[in-house]
Amino acid sequence: MTDGYGGFADNFADNEDAGDFDDAPPSTIMLPGGGIDLATRIGSTLLPNPVTTASGCAGYGKELAKFFEPAAIGAVVTKTIMPYPRSGRATPRMAETPSGMLNSIGLQGPGIDAFVERDLPWLAARGGRTIVSIAGGHVDDFVALAERLKGAPGVVGIEANISCPNVANRGQVFACNPATSYDVIRAVRDVADPQVPVLAKLSPDVTSIVDIARACVEAGADGLSMINTLLGMAIDPDTMKPVLAGITGGLSGPAVRPVAVRCVYQVHAAMLDGQMAQVPIVGMGGIRTGLDALEFVLAGAAAVSVGTVIFNDPSSPVRILDELRAALIARGFGSLEAAIGYAHR
Amino acid sequence: MALPLQVQAEIVGREPAGAYHRLVLRAPGIAARVEPGHFVAVAIGGVDSAMLLRRAFSIHRADPAAETIEVVFAEAGRGTRELARLRVGDSVNVVAPLGTPFPLPAEPVSAVMVAGGYGSAPMFALAERIVADGGSVAFVLGAATAQRLYGVDQAQAITEDVVVTTDDGSEGVRGFVTGPLPEVLTAVEADVVYACGPMGMLRAVTEVASAHDARVFTAVEESMACGVGVCMTCVLPVVGDDGVSRFVRSCVDGPCFDGTKVRWDDAGTIPADIEGAAAMGAH
C-alpha cells in the first residue's frame, strides 16, 4: 500500500480475493450417510444428498463457504449467469414482506467469461458440485452459454432460468408460454454436454404449470426446478410510491411455500398420470426447516433448494439437510427415494 | 478479512441512550475478531419469525475479555421495535463480524471523526485506536436534536476537540456537521476524515474533506437483506482502482468506502457508464 492506509485499496482491486478464508476449517462436516441413503439422481448426475441452494441466494458459493462447506450439500446452484456483465437494476432492490421478501436485482452478474475463469474453478477446487443457472434474452444467448460451459470444471447440471421476473419484458418470460419454453430447453439440450443434465426453472405465474412442464420435458429437460419467485410489489404508505426502484419484484420466502408445494404436487401428479414423462423435480419456495423440505419431497420433489432463508440463516442448507435426514428416519423411510411423492399414494 | 461467526448471543446489558437503545451482547468468539467499522447482522425472532431479514448494526464496542459486543440502535420499524422489547437474559442470533472495516493509518495521523445521530457508534473505538497509535483526533457530532446525538460524553473522554451540531440548535452549533467542519479540518491540520451517517451527509463530508486534501473514509448505511454478500440488494456505484465503476456490495466491499470513490449522486440510478449497464437495455 502506498497511501499509508492498510489494505484499503486492495478491497477494490479484487473484492473476490480467493485467499480470504482458504485456510479456514469447514464449519460443518457432513457425516457420511447418517444411517439413510439420501442420494438422488437428476439425469446422469448422482447427488450425494438432495439439498441445494436456490439460484440467486448463494452467489457462486464462495461467500457461504464461510458458514459451511459447499461440498457438504448436494449442489450449489449459482446465481444466474448471462453472456455479458450486467449491472442489475437501481436500488432500492428489496422490500421485506410478511414471511418473505420482494427482490428486484435484475440479474446483476459478471458475465459468463469471468464466471468460468474465476468463480467456477474456485468452487470446483473446493469440491463443490455446481449447477449453473443461465439466462439470456434470446434462445441464442442460452445456446452460447451452454456451449461455453462444455468441459467446465465441477458442472453437474445446467438450470435454464426461463422465468426470472426481473427483466424488462417481465410477464412475458419464456416460461409463460409452452412453445417458447420448449424452444429454449430444446436448444440448450441440443448443445449442452450430453453428460450434464438440463433443468428448466419454471414460473408459478402461469395458468397451467403442468402445460409448461410438459413442454419442457418434451423438449428434453432432464429435470424441472420449481418454483421461481412470484411477481409482486409493495407501496410505501409514507412516500406513497412503489418501494422498489424496479416497481415490481419477485416474491420469495416461506410466504410462497404453499404455492410452490402445490406446483410440485400438480406436476408430479401429471407425471404419475402419464401426461408427461417422469423426470426429477427440484422443489423450492420458502424452505426454512427440514420439515419444509420434507413437504416438497412428499409432494414429489427428488431434490430441494434453499433460497431466501439463507439470508436469515447463512448456514441453513446444512441445518436443513440434517433436519431432513432426521425427519425421514423418524418416519421410517429407508431412503430419500422411498419418500418422493409419498403424498400421492 | 475476519471470518464471521454465527452464534446465539445472550443480552447481558441494555439501556436507553437518548433517543436510542444500547445493547450489550455476549457473543462467544466474536469480539476478538472485531475491527472498528465492522457490523453485526441480528436476526429478528426465532425460526417462526415472519421477519426474515437480519438487521445490520455497526459494532459500537467489542470487549474480547468479556466476550461482548455492543450495538446502538433506533426504533425505526417493526424489526427494531422487536429488538427494543428484548430483556437481559434473552438471546438473539447474530452473525459477525461482517464487512470491510475502516482502514487504519500506518503512521500517526490527525483524524477528524464526523457522525450523524447514532452513526457515531463505531467512531469511539476507532478514535481510541488512532490515539493509542500516537495520532490525534477531533470529533464533529451532529443530529437533528440534542436527544438524537449519541456519545458526546464518550468523545469528550477521548479528546477536548469535540464540536456538536444540531439541526434545531437544541445543543451545540445550529446546523449540519458540514458547517463547522472546514474550520475544524484547518485547525487540527487533518490528514484524514472518518465519517458515518446518512448518504447526504457522507456526500457533503467527502466534498469538504477533499477540498482540504484530507483522505476521507465513509461508512454507509445501506439497507441489506443478507449482510454476507449473496443477495446483491445493498449495492452502490463505486469507482474501482481500474477506473471502472461497478455496483459493489455495501456488506462485503463496504460498509467503509473511500468516500471519493463512491458516486454519491448516482446512488439509486443506473449510471450509463457503470459496468454492465448496456446489458440492461436488451431485456
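Even glycines carry a Cβ here, placed using N, Cα and C.
Annotated in TrEMBL:
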DOMAIN    A:38-328  domain 'Dihydroorotate dehydrogenase catalytic'
BINDING   A:S55, A:K79, A:T80, A:N161, A:K201, A:I227, A:G253, A:G285, A:G286, A:G307, A:T308  FMN binding site
BINDING   A:K79, A:N103, A:S104, A:I105, A:G106, A:L107, A:N161, A:N228, A:T229  substrate binding site
ACT_SITE  A:C164  active site, nucleophile
Mean of pLDDT values spanning the domain 'Dihydroorotate dehydrogenase catalytic' (A:38-328): 95
DSSP-derived class (H/G/I helix, E/B strand, else coil) of A:K201 (FMN binding site): strand
Where A:G106 (substrate binding site) falls in three-state DSSP terms: coil
Packing count at A:S104 (substrate binding site) (other Cβ atoms within 10 Å of its Cβ): 27
Chain B neighbours, restricted to the recorded positions A:S55, A:G106, A:C164, A:K201, A:G253, A:T308, by C-beta under 8 angstroms: A:G106, A:G253, A:T308
Close recorded positions near A:T229 (substrate binding site), where close means Cα within 10 Å, chosen from A:S55, A:T80, A:C164, A:G253: A:C164, A:G253
Whole-number Å value of the largest CA-CA distance among A:K79, A:N103, A:S104, A:I105, A:G106, A:L107, A:N161, A:N228, A:T229, listed as substrate-binding: 16
Structural state of A:N161 (substrate binding site), classified by DSSP into three states: strand
Number of Cβ atoms other than its own within 10 Å, given for A:K201 (FMN binding site): 28
